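To start, the structure under review is shown below, and the notes come after it.
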Amino acid sequence: MSAPVAATVTSLMSAIADVGTDPIRGGYSRPVYSTAESSLREWFLSEAAARGLCAETDRNGIIWAWWNPADHPLEDAVVTGSHLDSVPGGGAFDGPLGVASALVAVDRLVARGVRPRRALALTVFPEEEGSRFGRACLGSLLLTGAMDPAVAAGLSDDDGVTFAELCRSNGLEPAHLGRDDEALGRIGRFVELHVEQGRGLVDLDSPVAVASSIIGHGRWRLTFTGQGNHAGTTLLADRRDPMIPAARTVLDVRRIAHVHRGARATVGRLVPTPGGTNVIASRVDLWLDVRHPDDVVTERIVYEISEAAASAALREGCGVSMVEESLSASVDFDPVLRDRLRAGLPGVPVLPTGAGHDAGVLAAHVPTAMLFVRNPSGVSHSPDEYVEDADAECGAEALADVLADLLTTDTLGTDTLTTEAKE
Ligand code: GLV
Ligand code: MN
Ligand code: MN
């Protein structure tokens, strides 16, 4: 899978097009540390090596590949990257586009003869989607100390494999997971390029945008419990079927979200136990994803859903419990860095996003920015996600412009983060 240096985004993306294809769901299923994602990590390492980048994997499983031709100290570095894991049946571009574009951007910096005044690192973050362990952005949450490493180590996937076990089998010591001030302290600026996951750029007729913000988002698990029983012999009046309040709750989620302008609320996963056609379930788990630009409104929506679920459970003689699995506040990207990107990319629009990213986690610690590349389908987390070749190259060129500016400026200058936020 190694490619000649001075590749295009399209050639790099083609080289990984067969990795992790999902014949059942369509698209790609590349859970963190699966054979597919591990093979993409190997691909990245070989592409980095082909460019003479010096790669290391840190104690949280984040890959850093350094381009540092003048041997600058690894502080105040410019860092760019994304992730290689996917949602189940996801698209080709969510994550890998940012990684491939970062590699191409290095090629372009070399071709332009850029002489960097500080180091550049290309990063790959593990478990950005949270599709294996339920916590999105697990790698950056661990890096920044936003997640308790003991809790992370104890998370288990659908097969009962714990994150600690998986870390060990991938050469990481679970006891060493957690906040890494040395790694975090090296980041002067972070820029993530990502496929746009909506229609913003289609409507604006532009190939690239600079991000303004990420709306707050969180995940909750609701567990409805009832009485498992026989589908043929149990009269309707005698049932305590947890599927009934689960189904009502799915509809209530939509109803409640409609009341709060700008809200998004989704039930994308529902698991009945034991899960037989002729079996009344004894338990139904469902996972709720709620997002709103105003964190107070997110809280209100989740409260209303919890009340609706409790009343639906009561009507059926069932029980329900609700656990918050993750919650990320809304993020406004650093305005100084955002304006710097805009100045260097004249005419490029500024867009908010409803999708979460490692950049959103890092934004609380270092000045952070994002670039979005047009997705003509406007669809993401689906095989229909798409990027035209020309737009992909345009995105890499924009990223190279941004990196060249940040790498060659005298000082990275002031930013709007408080000292407290950086600590
Ligand atoms: C990740 O893409 C998310 O927004 O959930
Ligand atoms: Mn992503
Ligand atoms: Mn995603």
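Using N, Cα and C of the backbone, Cβ positions are placed for all residues, glycine too.
Quick look at what TrEMBL annotates:
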{"type": "BINDING", "residues": "H83, D94, H194", "note": "Zn(2+) 1 binding site"}
{"type": "BINDING", "residues": "D94, E129, H381", "note": "Zn(2+) 2 binding site"}
{"type": "BINDING", "residues": "R219, N278, R291", "note": "allantoate binding site"}
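Residues D94, E129, taken from the binding-site residues H83, D94, E129, H194, R219, N278, are distinguished by a CB atom under 6 angstroms from ligand 3. Those residues of the chain, other than H83, D94, H194, with a C-beta within 8 angstroms of the mean position of the Zn(2+) 1 site C-beta atoms are S82, F93, G95, P96, L97, G98, E128, E192, V195, H357. Checking the binding-site residues (H83, D94, H194, R219, N278, R291) against H381 (Zn(2+) 2 binding site) with a 10 Å Cα-Cα cut-off leaves D94. Apart from the site residues D94, E129, H381, the chain places the Cβ of S86, V87, G90, G91, G95, E128, S131, Q197, A355, S380 no farther than 8 Å from the centroid of the site's Cβ atoms, the recorded Zn(2+) 2 location. When the binding-site residues H83, H194, R219, R291, H381 are compared by the number of other C-beta atoms lying within 10 angstroms of their own C-beta, H381 comes out lowest.
With a cut-off of under 6 Å between the Cβ and any atom of ligand 2, the binding-site residues D94, E129, N278, R291, H381 reduce to D94. Closest to R291 (allantoate binding site) by Cα-Cα distance, out of the binding-site residues D94, E129, H194, is E129.
Take the Cα of R219 (allantoate binding site) and measure to each of the binding-site residues H83, D94, E129, H194: the nearest one is E129. For E129 (Zn(2+) 2 binding site), the same-chain residues lying six or more positions away in sequence with a CB closer than 8 A to its CB are V32, H83, D85, S86, V87, G90, D94, G95, A136. In sequence order, H230, A231, G232 constitute the residues six or more apart from N278 (allantoate binding site) in its chain with CB-CB distances below 8 Å.
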